[in-house]
Amino acid sequence: MQVDLGTVFDATPGVTQDGLERLDERVATAHERIERGRRNNEPGYAALNLPETVDTTTIHDAVASFEDPTAILIVGIGGSALGAATLVDALGDDTAPSVYVLDNVDPASISRILESIPLSETVLNVVSRSGTTAETLSNFLVVREAMTKAGVDWTDRTIVTTGTDGNLRQLAKSESLPALSVPEGVPGRFSVLSTVGLVVAALKGIQISELITGAADAAAELSGSLFETPAYAYGATTYALATRGARTNVMMPYAENLETFAEWFAQLWAESLGKDNRGQTPIRALGATDQHSQLQLYRAGPHNKVITLIRPRNRPSCTIPSTDLDGLSYLGGSDLGSLLDAEFEATEASLVDADIPTIRVEINAIDAQSLGALLYEFEVACICYGELASVPTFTQPAVEWGKRAARGLLGDDKFMEAAAVADKPTLRVE
């Protein structure tokens, strides 16, 4: 990817060229820490070794028995589902199989999906490192029962991605299900380029080897300077802006295929960096749609955010027909991609004119290699930010607290966090 930082120098808040050059000394130290973590395959840092350690042949072999499915169900939550959804939404087409993500426990949504797909032609990928995730296991039980009631042998339609032990691993062994391992030391939000994200991508027909090639190319280009490494440029600059008051980061791709990428980024950024009353709140937006709504706030609201605009340099062609309608002749003969790029440039200029810090990110195209590199580089950017901020990037204690409280509310008396629910103050208005 290419990162353009030029507009942050005169922004409010902003970063000077000298400031970035001074920060680059700390980036070099962060790079050394990251490289040491990679060499030792330390927890968290192990995610950056996935281009070398993931076995795409094993993944292809595991999914080979599922011939021509009509639908795929991803049953997971958070990083156990969002990475796969990002890959499918960016690179998948509208042909079968259709992919459905069951990453919530809304009964209306789950019921609607199960009633709309042919379960006998559906592949179920259940993803949970621990094998005990309440939402994932609940949805799995619901899908399994639906298949059984429909006369479908669910064991013929299920592939499991899980840890080396736990309920799901035991189930896979007892039912002889195909099962792939979640790599050790790789947090869920960093697992898109592992079995966690690649199983469904392979089922969908995406060239997962090309994704890994792109990520490997990005890994090979890491160096100890933000002026030579786009990932460090992004991570260091967003960190510097956050320390100066830009506590919100708006991720705004100008490509609908990257809309779920913005959602993936939001989890990565929030869960990794939101520690010790610090962090940068990620917001998902989509160009050009949200420039007709959210842009009002971004341009004219408080100067407490950085806007990340991202686009591919190459797009498919779709010509706008000529028209004799009054005032629209300028559109005729142009291209939808050209219009979207004009919207991108106009939005960037609008923000710069209002002194809003804006970072431009460009990739060659939305293809497997470019996407693999993009995902890898944003993971590196996040880790770089965490190193500079001295936060434990790879933990998620607040998330774990909520999980324990939910289990306590459902009757598991081992989790006392549920008591806080009853103790909270209320003021009801009806």
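In case you wondered, yes, glycine gets a Cβ from its N, Cα and C as well.
As annotated by Swiss-Prot, active site, proton donor applies to Glu271, with the evidence given as sequence analysis. In this structure, Glu271 (active site, proton donor) is part of a helix by DSSP. Using a 10 Å Cβ-Cβ cutoff, Glu271 (active site, proton donor) registers 24 neighbours.
Annotation comment: Swiss-Prot describes His292 (among others) as active site, evidence class sequence analysis. Other C-beta atoms found within 10 angstroms of the C-beta of His292 (active site) number 10, with every protein chain shown included.
Using a 10 Å radius centred on the Cβ of His303 (active site) and all shown protein chains, the other Cβ atoms total 15. In this structure, His303 (active site) belongs to neither helix nor strand by DSSP; it is coil. Residues or ranges marked as active site in Swiss-Prot: His303 (among others).
According to DSSP, Lys403 (active site) sits within a helical segment. Taken from Swiss-Prot, the feature active site applies to Lys403 (among others), supported by sequence analysis.
The Cα atom of Glu271 (active site, proton donor) lies nearest to that of Lys403, taking the active-site residues His292, His303, Lys403 as the candidates. For the pair His292 (active site) and His303 (active site), the Cα-Cα distance reads 19 Å. Across the structure, Lys403 (active site) and His303 (active site) are spaced 35 Å apart at their Cα atoms.
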